[in-house]
Amino acid sequence: MAGAEMFLMYEDGEGNVTVSNREGRGHTMPLLAEQDSTVLLDGSGVRDGRMIANIRYTNPGDFDLSGSSDWIMATRQGASLDSTDPNESIAVHDSHSAFSVDLAQALIPLDANPFIDLNDDGNGDSDEPAPPPGPGAVRTQDSNTNNDLILAHGVVLTIVFVVVYPVGSLLMPVLGRWYIHASWQMIGFSVMWAGFGIGYVVSRRLDIFFDQAHTRLGVLIVALLGIQPVLGILHHLQYRRRGSRGIFGYVHIWYGRALIILGMVNGGLGLQLAGGSNIYIIVYSVAAGISALAYTAYTVVKLLMNQENK
């Protein structure tokens, strides 16, 4: 998120954590920011597989301490970074969620480390974590809805561009029935717009609509496909009048082929943007690759056969 102030946390390889201040600059790795305003307090570390960072932040100028503050959290599963470098390279996150902090409830009347139990003399030397102050100070927000929408968007448009459109484009030369070809492709066309609508909703929620290569290319592809049915009708009318394929036929065929391939490529960009795991990327790449290869092979063979028949 461009302009966001970020606190990154990862294991340092020595039983503790590294906290790094970063500045968001969009959907790329955030830049290292001034580190002096963040101090890691006692009680931080790695316990039972959980990273704990108790932080004193000395530059709360933008916080209204009497109100609520909204936060976004993102995580990535995988091997530990095991680094003490605050400028360590990071990969895109796997999942995210949101929460808010009621700063009025989170305040404590002590000038001490609030994250560890205080000794009898109140000096706070114990390393045991203290109970969180201010019950109800943190309120989490369910992010499952957005994740479900992203999944639905990806599944629907993968089926359309990897299966429905390529198969539909082969129905006409294989079966020779234009109405079967047209009906099949119009079903895919309708489903495509449903998938686009889902993507539009979630991209607006995440504030990335027309802000990334995937969203820009996606809008362009569906817009260009909007005239494909018109080209198909013109091709059909011209074929009936001439008894052979004309200019509209060639445009309709090659225009559609190009957009199908672009749609497959954009699916890969979508997986990258969503931070898809390697297994999803591999499965999609294999499926799209097989579909594109089979489609291209059939097209080449068909062209060669047509050349021989001339």
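Each Cβ is built from the backbone N, Cα and C atoms, and glycine gets one as well.
Look at TrEMBL and you will find 118-142 tagged as region 'Disordered'. Feature annotation from TrEMBL assigns compositional bias 'Acidic residues' to 118-128. Under the heading transmembrane segment, TrEMBL lists 149-172, 184-203, 215-234, 254-273, 279-301. The domain 'Cytochrome b561' feature in TrEMBL is assigned to 152-271.
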Overall pLDDT for the domain 'Cytochrome b561' (152-271), taken as the rounded mean: 95
Segment-segment contact (the transmembrane segment (254-273); the transmembrane segment (149-172)) at 3 or more Cβ pairs under 8 Å: yes
Surrounding residues of the transmembrane segment (279-301) on its own chain - C-beta under 8 Å, 6+ positions past either end: 158, 161-163, 166, 169-170, 257, 260-261, 264, 267-268, 271-272
For the transmembrane segment (215-234), distant same-chain residues with Cβ under 8 A (at least six beyond the ends): 182, 185-186, 189, 192-193, 196, 199, 203, 208-209, 248, 251-252, 255-256, 259, 262-263, 265-266, 269-270, 273
The domain 'Cytochrome b561' (152-271) - residue tally per DSSP class, helix then strand then coil: 105 helix, 0 strand, 15 coil
